[in-house]
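A.B. asks: There's a structure below that I have some questions on.
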Amino acid sequence: MGIKQLFQIIKEEAPDAIKEGEIKNQFGRKVAIDASMSIYSFLIAVRSDGQQLMNDSGETTSHLMGMFYRTLRMVDNGIKPLYVFDGAPPKLKSGELAKRFQRKQEATEGLEEAKETGTAEDIEKFSRRTVRVTREHNAECQRLLKLMGIPYIIAPTEAEAQCAVLAQAGKVYAAASEDMDTLCFNSPILLRHLTFSEQRKEPIQEIHLEKVLEGLGMERKQFVDLCILLGCDYLDPIPKVGPTTALKLIRDHGSLEKIVEAMEKDPKKKYVLPEDWPYKDARDLFFEPDVRKADDPECDVKWEKPDMEGLVQFLVTEKGFSEDRVRSGGARLEKNLKSSQQARLEGFFKPVPKTDAQKAAHKRKLEEKNEEKKKKLKQEKKDKAAAKSKPRGAA
C-alpha cells in the first residue's frame with residue numbers, strides 16, 4: 001500500500017525533489033527493484049474480459065511475460081537490475097495483510113457478479129482487486145531470473161527496506177518501487193514507474209530524499225512521523241487526519257509523542273486515536289528494519305551470461321512462449337549486459353560524507369525553514385480572522 005498521499009505532499013511542498021525522465025537516462029546504473037511490487041503490476045495488466053495471460057494449459061504467464069520483457073527493456077537501456085523479494089512480513093503488518101485479504105475476498109464476489117451483469121470496466125476493476133502474488137509466482141520468477149543471469153536477493157522481511165540498505169551503501173544507484181514507504185527506510189533515491197510497460201508512456205520519477213527533507217523543512221524522524229500519520233502498512237490511520245492536517249500537526253508539534261499528548265489532553269476530543277496504535281513500534285520498523293547488511297555475502301551479486309537453452313526449456317517447452325522471441329530476447333540480453341559494463345562518469349567519483357559542522361548547519365537551515373512556514377501559517381490565520389471580522393461591504 002505504501003504511504004497515503006505522500007507523493008502529492010512532496011509534489012506540492014518539495015517539487016525540486018522530483019525529477020522526471022526517460023528510461024535511457026538511467027543508463028549504466030545498478031538499481032535494486034522491489035520484485036513483489038513489480039510482479040503485482042505484471043499480474044494486474046489483465047485483459048478486458050478479466051483474464052490474465054495464460055498458456056494453452058491454462059497456466060497464468062502474465063508474471064513471467066512481464067518479468068522477461070520488462071527486464072529485457074531495462075537491460076536494453078543499459079540498466080543492471082537487481083531484484084529483491086519480500087521475506088516474512090513483520091508482525092505489525094499482519095493487520096494490514098488481513099484487511100487486504102478481506103478486500104480481495106469481497107472483490108472476488110464482486111467480479112463474479114460483474115461477469116453476470118456488469119460492464120467490461122466493472123470486470124477489469126474487480127479483476128485487479130482480486131490479484132495476489134503467490135509463492136509460486138515468486139518461485140517461477142526467481143527461476144526465470146537465474147536463467148536470464150539477473151541476480152536476486154530474498155530479504156529477511158520487507159523488500160523495500162533491503163533495497164534502501166543497498167542504495168545507502170552505494171551498491172546500487174537507487175531503490176525502485178511504487179511504494180513511497182521506500183523513502184521512510186532511508187533510500188537516498190527512489191525510482192518509480194521503472195518496470196511499467198512502454199505503452200503506458202509514464203516518465204520515470206526519480207525522488208531524492210535529501211531534497212524532500214529540505215523542501216518539507218524536516219529531519220528524517222519528523223518525516224517518518226509524518227508518514228505514519230498519513231497512513232502506512234503497519235497502523236490504522238487516525239480518523240479525520242488527512243494529508244493537510246498531518247502536515248500541520250507535525251509542523252506545530254514536531255513529533256508523534258507531542259501530537260498524541262495534545263490529542264489525549266484535548267477536552268473537545270477532535271481527534272480520537274485508534275484503540276491499539278503502537279506508533280513507536282512502527283517508527284522502529286522504519287529505523288531498524290530486519291535486513292541483510294550491504295556487506296553480507298548474499299548481497300555480493302553478479303550479472304551472468306544467460307542460459308539460452310535453459311530459457312527455451314522453461315519458457316518455450318514448459319510455458320508455451322514463442323521460441324523465436326525467447327532466443328531473440330536472450331541474445332539481446334547477453335549483448336546488452338556486456339555493453340552495460342560501461343560506467344557512467346559519475347561512477348568514478350565517490351560522494352564526500354558531510355562533516356559534523358555541515359550536518360549541524362543543515363539542521364539549523366531546516367529548523368529556520370520550519371519556523372518561517374509556521375510564521376506564514378500564523379499570519380494567514382490572522383489575515384483570515386481579520387477578513388471575517390470586517391463588516392460586509394467594508395473596504
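Heads up, the Cβ atoms here are built off N, Cα and C, so glycines get one too.
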A.B. asks: Of Asp233, Asp236, which does Swiss-Prot put in the Mg(2+) 2 site with Asp179, Asp181?
C.D. replies: Asp233
A.B. asks: Which of these, Asp86, Asp225, Asp252, does Swiss-Prot list as part of the Mg(2+) 1 site with Asp34, Glu158, Glu160?
C.D. replies: Asp86
A.B. asks: Test of understanding: give the count of other CB atoms lying within 10 angstroms of the CB of Asp179 (Mg(2+) 2 binding site).
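C.D. replies: Result for Asp179 (Mg(2+) 2 binding site): 24 other Cβ atoms within 10 Å.
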A.B. asks: Mind giving me a neighbour count for Gly231 (DNA binding site)? Other Cβ atoms within 10 Å of its Cβ, every protein chain shown.
C.D. replies: 22
A.B. asks: I'd like to know which of the binding-site residues Asp34, Arg70, Asp86, Asp233 sit within 10 A of Asp181 (Mg(2+) 2 binding site) at the Cα level.
C.D. replies: Asp233
A.B. asks: Note the Cβ centroid of Asp34, Asp86, Glu158, Glu160, the recorded Mg(2+) 1 site, then list each other residue of that chain whose Cβ lies within 8 Å of it, in sequence.
C.D. replies: Ser36, Met37, Val84, Ala155, Thr157, Ala159, Ala161, Gln162, Cys163, Ser177, Asp179, Thr182
A.B. asks: Taking the Cβ of Asp233 (DNA binding site) as the centre, count every other Cβ atom within 10 Å, in any protein chain shown.
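C.D. replies: Looking across every protein chain shown, the total is 22.
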A.B. asks: Please work out the number of neighbouring Cβ atoms within 10 Å of the Cβ of Asp181 (Mg(2+) 2 binding site), leaving out its own Cβ.
C.D. replies: 26
